[in-house]
């Protein structure tokens, strides 16, 4: 998902100007912070003052916060939100794959939807993925392809340094365009859904905070460099997906790399979504949870669902924006800050409480603005 959003960062700078550079840094700091407080909610102090991991998942945190209302209400809300966001992400990868194949081979008489079906066939082995190890290896390959894409674009931009000009940055901004830029920048950093599982699988969980600091720091440097060099190269001609600005021979190469990245990225949200469903099923029937037939059925159903929605959902981009404004902001800003305040209120300092409340308000405003813009777009489309 990171690569898809990163390619839109130069376009975000086009509409946000100098403030966009500040937003890239601010978004990295905020997402790093909410990642830390989310993981802090997994731990409680014992009688000796030592931190003990008493919760394992986002769902456990939600249930702990809502136990007075209902033992499982919070977990249900979080699980539904997570599954919706993960499934929509999988669908986005399928739609992107069809689009990339269509642009890479424009002379082949095949529709974009047919290309999506062809991409779907290559993803059928996902139904046999049972462990995070396989997913992690695919993610490593995905990261390698991602750096190849960034390297190609930045290298080309550096060859055009003679035409760079800081005058290309806007000083005046249009409010709606600025909101779009905020969404692109913030959601290029989101990863909170995966953090509890990631931290739980680390050999040394004590290094999690350090890992989070360094990954967000380097992500911020990389994204700022990429967005800045690309925008300075094309200025007002910057397109929504920056690879569309590249010469045709480079554009085809990068599109094929993006296709590879999209296909390699699909297993992570797919695996995470099916694991959430498995955990829910296991609470009711432990024997069925271990059934290979049930596992294949659930994974196969999820695969088919993503294909059908990619094929038949009209105006998917707008619906994705609406879903992302609700689920993305909730999982990244609203819930982590709310849960942290609820579980740690008595132990938080004034500044920590102020920070959590500020993040919650900011997340709410971003979500509300995204919802309004998406609904407005849908109303315009449907007449």
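Cβ coordinates are placed from backbone N, Cα and C, and glycine is handled just like the others.
Where the annotation comes from TrEMBL, it is an automatic prediction and has not been curated.
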From the ranges 97-114, 115-132, grab the one TrEMBL calls transmembrane segment.
115-132
Out of 20-43, 115-132, 253-281, what stretch is closest in contact terms to the transmembrane segment (359-379), meaning most Cβ pairs under 8 angstroms?
20-43
Pairs 6 or more apart in sequence, C-beta under 8 angstroms, 3 or more of them: is that satisfied by the transmembrane segment (76-95) and the transmembrane segment (253-281)?
yes
Between the stretches 144-166, 178-198, 210-233, 293-312, which one has more Cβ pairs under 8 Å with the transmembrane segment (115-132) than any other?
293-312
For the transmembrane segment (144-166), I need the partner stretch with the highest count of C-beta pairs below 8 angstroms, choosing only from 20-43, 178-198, 210-233, 253-281, 293-312.
210-233
If you count every Cβ pair below 8 Å, which range out of 178-198, 210-233, 253-281, 293-312 shares the most with the transmembrane segment (20-43)?
178-198
